[in-house]
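S.K.: Submitted below is the structure of interest, expressed as structure tokens.
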């Protein structure tokens with residue numbers, strides 16, 4: 001069976017009818033793919049507490065702490081850059097397995113580390129696995145999901161990041177009483193457990209139907225779509241739409257060309273992009289930049305350092321604050337994921353950013369007051385704790401889940417893997433820079449000053465999102481090109497709306 005035959009089986013098919021349902025098998029596959037994200041969440045959560053123990057045990061400086069924390073993020077840049085070509089070559093499913101195996105090796109190296117350099121090597125290897133995982137989970141889920149439920153399903157990676165974060169906080173709290181030479185090794189080494197489970201679970205998943213179409217395996221793609229659609233008729237409609245998108249490509253760039261494996265995609269993205277592709281790149285790279293420039297990772301990684309400076313010195317209390325923050329973050333990411341497909345991406349994104357600006361400003365004010373107070377009043381500490389919790393909660397409503405959803409759904413099939421790997425690389429680069437400079441810059445301008453800077457960055461990000469990110473709710477992946485064709489008109493309309501307010 002070839003693409004042309006698929007197209008002529010039902011010429012009256014309407015693409016708008018495609019993707020109207022979701023079955024249990026689709027949910028299970030999306031859950032399995034998204035569990036890869038637990039690995040990053042667990043590392044962020046557990047590392048926020050482990051660094052205190054590592055600093056005490058290995059006698060390292062604050063600069064070495066920054067390098068240790070940022071190494072994983074910087075090396076994840078290499079994983080995300082390589083993941084596009086890898087996933088086009090070996091498939092989405094086996095790339096998920098590769099990510100879990102790489103992280104497993106890194107976790108074992110960290111748990112067995114006997115020196116600072118040994119520990120750095122483990123974080124570098126784990127970082128490559130994280131880079132693969134962050135790109136492939138949303139791509140696989142987006143390509144498997146029907147349009148009307150794609151927002152919920154592709155937000156699952158952020159849900160699992162947040163869940164992993166909470167587990168990391170709980171492990172910190174539970175193991176904090178162990179000797180310093182043992183507790184941090186157990187904290188980091190336990191990450192190997194979910195990595196093994198993920199690698200084994202993903203093998204049972206089907207391959208992405210869009211990747212199968214790219215390889216000309218239309219019969220296999222149809223079987224996967226039948227299993228992941230509400231009915232066989234819906235599966236046929238989805239297959240026709242995917243096949244039509246494949247046929248619409250120029251012969252020289254057709255994804256059905258044998259053994260292409262992504263060749264020419266980078267040239268089309270970076271050298272001769274069309275206007276819609278350029279707008280998609282700006283939107284995806286922009287949202288990934290602001291996701292990390294907002295300082296969320298720094299707030300999470302260094303929360304114990306911030307509250308230590310605020311006057312909380314008990315390790316149990318510091319880790320307890322982290323658990324409270326993790327619970328707040330987890331609750332709101334579930335709330336956002338549940339309403340993404342009904343409220344849309346833009347409203348939740350803009351709401352989340354507005355809440356983050358207020359929270360970061362409040363955290364800045366509280367921190368500034370504590371920096372100039374010798375008594376460390378309880379109300380100021382409570383304000384900082386509340387501001388941290390609301391900041392991560394609003395992040396979980398907006399930037400957290402929507403960055404993964406939006407980045408994975410806007411690009412055409414032939415460019416999706418490479419485009420997302422480019423956007424995630426920006427995400428990882430900015431995350432690495434922020435986490436490796438947060439303490440150094442804070443020593444110059446104070447923690448309060450840093451939070452004011454983050455608030456200003458989120459304000460700029462909010463303006464960017466308002467003008468450059470169109471709503472994608474309910475659109476199929478194959479309809480995104482038309483959505484970005486009319487961006488000049490959309491921007492002009494938004495300017496007019498602002499003038500009329």
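Positions of Cβ are set from backbone N, Cα and C atoms, glycine also.
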S.K.: With the ranges 65-82, 209-226 to choose from, which does TrEMBL describe as transmembrane segment?
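M.R.: Of 65-82, 209-226, TrEMBL gives transmembrane segment for 65-82.
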S.K.: Could you check which of 120-140, 246-266 is flagged in TrEMBL as transmembrane segment?
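M.R.: When 120-140, 246-266 are checked in TrEMBL, transmembrane segment belongs to 120-140.
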S.K.: Of the ranges 4-24, 25-45, which one does TrEMBL flag as transmembrane segment?
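M.R.: In TrEMBL, residues 25-45 carry the label transmembrane segment.
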S.K.: Of the stretches 65-82, 120-140, 186-205, 280-299, which racks up the most C-beta pairs under 8 Å with the transmembrane segment (25-45)?
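M.R.: If we count Cβ pairs closer than 8 Å to the transmembrane segment (25-45), 186-205 scores highest.
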S.K.: Counting Cβ pairs under 8 Å to the transmembrane segment (280-299), which of 120-140, 186-205, 347-367, 379-407 comes out on top?
M.R.: 379-407
S.K.: Quick check: do the transmembrane segment (120-140) and the transmembrane segment (65-82) share at least 3 Cβ pairs under 8 Å, counting only pairs 6+ apart in sequence?
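M.R.: Counting Cβ pairs under 8 Å (6 or more apart in sequence), the transmembrane segment (120-140) reaches the transmembrane segment (65-82), since there are 3 or more.
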S.K.: With the transmembrane segment (319-340) as the reference, which stretch in 65-82, 94-114, 152-174, 347-367, 379-407 has the largest tally of C-beta pairs below 8 Å?
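M.R.: Comparing 65-82, 94-114, 152-174, 347-367, 379-407 against the transmembrane segment (319-340), the winner is 152-174.
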S.K.: Do at least three C-beta pairs under 8 angstroms join the transmembrane segment (379-407) to the transmembrane segment (186-205), pairs 6 or more apart in sequence?
M.R.: no
S.K.: May I ask you to check whether the transmembrane segment (186-205) and the transmembrane segment (94-114) make contact, with contact taken as at least three Cβ pairs under 8 Å and only pairs 6 or more apart in sequence counted?
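M.R.: By the criterion, they touch.
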S.K.: Taking every residue in the domain 'Major facilitator superfamily (MFS) profile' (29-473), what is their average pLDDT?
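M.R.: Value for the domain 'Major facilitator superfamily (MFS) profile' (29-473), mean pLDDT as a whole number: 84.
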S.K.: Could you pull out which residues elsewhere in the chain have a CB under 8 Å from any CB of the transmembrane segment (152-174), counting only those six or more residues past its ends?
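M.R.: Distant contacts of the transmembrane segment (152-174): 22, 26-27, 30-31, 33-50, 134, 137-138, 141-142, 144-145, 187, 190, 194, 300, 316, 319-320, 322-323, 325-327, 329-330, 333-334, 336-338, 340-341, 396, 400-405, 408-409.
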